[in-house]
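Peer 1: This is the structure, below, for whatever I ask next.
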Amino acid sequence: MSNPDTIIIDTGCANLSSVRYAFERIGADVEVSDDIDKIKAATRVVLPGVGTARAAMKALKDKKLIDTICSLTQPVLGVCLGMQMLTKASQERGGLSYGNSSKDCQCLGLIDTNIEQLDAKGLPLPHMGWNQISPSEHPLFAGVAEGSYVYFVHSYRAPLGDFTIAKCEYGEGFSAAIAKDNFMGVQFHPEKSAAVGATILRNFMKMNAGSFAGNHKSTQESAQ
C-alpha cells in the first residue's frame, strides 16, 4: 500500500483531527503520522500546532523529528503554532521545559524571524475570531482576494518583513503568513476559515518539491 501524498505531523496537539478533516473535505489523501520514513517520503508535509512554543518544541524533540523537518525539501505548511515553530525563536516561554525556561524558546530556525507578543494596543488578547488579510502573489494565496476573512486564535506574532506573504492588522500590523523556499506558515487556521481556508489548502495541494527547485530568493524578491 502506497503512502498518502500528504503527511500531517503528529505533534500531539489538539487540532490534528480538524486539520485532517479540512484536507479530506477537499479530497486530499492525508495521514497523521510521526513516522520519520513516511514524513520523508511524503509529497508534502503539514506541521500543525496549538498551545505553547516550548511544549511543542519539546514534543518534536522527544519524537526525534527536529532534524527530519529541517531537512525536508518538499512543501511544508505550518499552521498557527506550527508557523511560529518555523522561525528562529519565540518569546512564548510557557509550557513544559525545553532548554532554559528563562530564555526565549529556540524554534526550528527555518525562517529568519522571531515570534513576539502581539501589541494589540488595548484590544483583547488572544486575537480570536475573523479578521481580514492582505495576501501577496505567493502561490499559496492564488485566488484569495484582498480583504478576505480568515479565523485567528493567537497572542504572539511574527513581525512584517521580507518573509511576509500575507498581512493582517490587530492593534499593529503583523504577518498572517510567512514563507522561505519550500517552508510556508499561516498564523490563522485554514481549517476554520470556510471557503477561503479551503482555497489555501487546495493551493498547497498543488505544490510539490519541483515548485521550489532553484528558488532561493526572498518572498518579496520573487514577487517583484
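Even glycines carry a Cβ here, placed using N, Cα and C.
What Swiss-Prot shows for this protein is this:
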DOMAIN    5-214  domain 'Glutamine amidotransferase type-1'
ACT_SITE  C80  active site, nucleophile
ACT_SITE  H189  active site
ACT_SITE  E191  active site
Peer 1: Who sits close to E191 (active site): which same-chain residues at least 6 apart have their Cβ under 8 Å from its Cβ?
Peer 2: N15, S18, V19, Y21, A22, V79, G197, L201
Peer 1: Give me the mean pLDDT over the domain 'Glutamine amidotransferase type-1' (5-214), rounded to a whole number.
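Peer 2: When the pLDDT values over the domain 'Glutamine amidotransferase type-1' (5-214) are averaged, the result is 93.
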Peer 1: For a quick check of packing: other C-beta atoms within 10 Å of the C-beta of the residue listed as 'active site, nucleophile', how many?
Peer 2: 26
Peer 1: Give the sequence-ordered list of residues that share a chain with H189 (active site), lie 6 or more positions from it, and have CB atoms under 8 Å from its CB.
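Peer 2: In sequence order, the residues whose Cβ lies under 8 Å from that of H189 (active site) (at least 6 apart) are N15, V79, C80, V150, Y151, F152, V153, G197.
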